Amino acid sequence: MVFRKLPGVSASGMGLRLSQKFVFLLFLSGLVTLCFGALFFLPDSVRLKRIFLPKSDNQAVTVGSENDVREHSKNMREQTAKGDSTTKLKILSRKQSVTHEARTVERSVGNKPPEESNPPRTKPEPGGKARESVTRGDRVTTSTQNGQNKDNFDFEKFKRCLLKAPLGSDNGKPADPQTLQRREKVKEMMKFAWDNYKRYAWGKNELRPLTQNGHIGNMFGGLRGATIIDSLDTLYIMGLMEEYEEAKKWVETDLDLNSNGEASLFEVNIRYVGGLLSAYYLTGAEVFKRKVLELGEKLLPAFNTPTGIPRGVINLGSSGTSWSWGWASAGSSILAEFGTLHLEFVHLTELSNNPIYTEKVMNIRKVLNKIEKPHGLYPNFLSPVSGNWVQHHVSIGGLGDSFYEYLIKSYLMSDKMDEEAKSMYYSALEAIETNLVQKSPGGLTYLAEWRGGILDHKMGHLACFSGGMVGIGADDGPQEKRQHYLDLAAEITHTCHESYTRSATKLGPEAFRFDAGAEATATRLSERYYILRPEVIESYLYLWRLTHDPKYREWGWEAVEALEKHCRTEGGFSGIRDVYSSVVSHDNMQQSFFLSETLKYLYLLFSDDDLLSMEDWVFNTEAHALPVIRKSCLQPETGTQDANKSTTE
């Protein structure tokens, strides 16, 4: 019997009166409706897919809460052994330390699904045959076919297309003795940071200067040597050639790209892809080109989503599985991550002669241009499945920042031919001015954050790059607004400088606020730290080159003195936990971007403008120098094309 007799209820009619039957059926129908209805409110109907589709059809998804970011708890992940035919990974909810761009202090990465089936990659074959990499629908041919190189990039012709020598007429050496002395000090700081990394952490990703050991982390999917890759172009432009050759040799012999771990698409792109691209364009060393094209292929599966918007985490192994950060709302992708690929991917197409990289990032623009922007603003979270915004949180700091930076830099890097990037940038800047730019009672200009129409009067250190961004875009804006943009850039940079001068250490906090009587000051304990970030100094550099106002060099020197006094330790440079405390507590981490960005920007600030001239180069968001692409110059000459055609015929 399905129903048991209940006390006090007759057995006839299953022991239920008519009114009781009605209540019971009403309850049962409500329960069924609730259970099935709930499935349709889950992010991207993921659980419906798991129930009704075979495992091999499952999309990579996430489980997690945005609140995980704030909790700063750390979980470990476990991984099971391989199965008979398909590798199945069992990932527990875990935290991942991240410290740049969309780089909040902690990232929570959600549960990872079983790996999707994936066609195998074929390895290079002897005899000059074509190498093919098939990544779930994307065919990527990157080497030779019929004995003829298909990705041959004419480096010598590229160099002739530059307006100035990359290192300037005299390696950017300034004539002023004091400026030269300051530049030499920055160079010494770079050598000190490098030497300690080499001594205590060689081959690891970053240095722990207090404990004098290396740090690997789990942000790069098993890749090693992040500090080495990030330092290549800095060492080269500073003339530290012995150290550069050490780094180059490590890339040749020890940089193993055949890892099988989970990596941040964003971080691998800006540090490894950007660093290798920059090293190649500056030196012409083929090893950098070979490595970056191999790595570029491994990133393509992240774009295999219904919209083509890439997910934030990718397995760099043969599976190519990708998924979203667990803390990102409803399995969304992050604006500052998928929006910070364009510069590097366009150059991957240039070097490989394969359009797939440019096609991937152009599709991102296509999706963004189709959807409605609230008040013209771009929220930070977008579903890679539906192509719709997930939350209406807008920030020019973390989670949003470098998306806007890459719009104006894409325009500049295209030799000012990319009109779509230009239009998107100035439209976004207009919306930012209308909705986010604020003036404090004390006269400081700052960029607030926007949460569904409500302003949060907070500005992050990451947002301080925007002074430089607005500055480099000023000259190409509408004629009547060009001086206004330059003034706005100077005002934002001044505010960020104030966040430094108002601290005991003369270094800026992670975030500062303009509420409850505070101005350009961190009011929360969790926002008082400094992790060797470069964004304020970045804006000093751009404003110096645009205006040659000597105050920017003075502000840069103030930063050098503060770094030396508070961040230099016996074993390297370290971030500090409280910029307002005269008793310094170090965080025991020499970030790779300190060598890539902070010290590079300082060195360029005290150099002549022809060292990596802004006419020829743009910097990616990790300060890796990428050249302006002059298509008219790089195209083969008509006579050469005709000759090749005749030979073929």
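Using N, Cα and C of the backbone, Cβ positions are placed for all residues, glycine too.
Marked as active site, proton donor by TrEMBL: E267 (among others).
Residues or ranges marked as active site in TrEMBL: D401 (among others).
Summarising the annotation, TrEMBL assigns active site, proton donor to E510 (among others). Neighbour density for E510 (active site, proton donor): within 10 A of its CB lie 23 other CB atoms from the protein chains shown.
Residues annotated as active site in TrEMBL: E535 (among others). Neighbour count (other Cβ atoms within 10 Å of the Cβ, all protein chains): 26 for E535 (active site).
Residue environment of T621 (Ca(2+) binding site) contains 29 other Cβ atoms, counted within 10 Å of its Cβ in all protein chains. TrEMBL lists T621 with the feature Ca(2+) binding site.
Residues or ranges marked as compositional bias 'Basic and acidic residues' by TrEMBL: 67-87 (among others).
TrEMBL lists 122-139 (among others) with the feature compositional bias 'Basic and acidic residues'.
Look at TrEMBL and you will find 140-150 tagged as compositional bias 'Polar residues'.
Of all Cβ atoms in the protein chains displayed, 31 besides its own lie within 10 Å of the Cβ of C464 (disulfide bond). The disulfide bond annotation in TrEMBL covers C464-C496.
Annotated region 'Disordered' per TrEMBL: 63-151, in sequence order.
The feature transmembrane segment is assigned by TrEMBL to 22-42.
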Cα separation, T621 (Ca(2+) binding site) to E510 (active site, proton donor) (Å, whole number): 18
Local Cβ density at D401 (active site) - other Cβ atoms counted within 10 Å: 29
Inter-residue C-alpha distance, C464 (disulfide bond) and T621 (Ca(2+) binding site) (nearest angstrom): 13
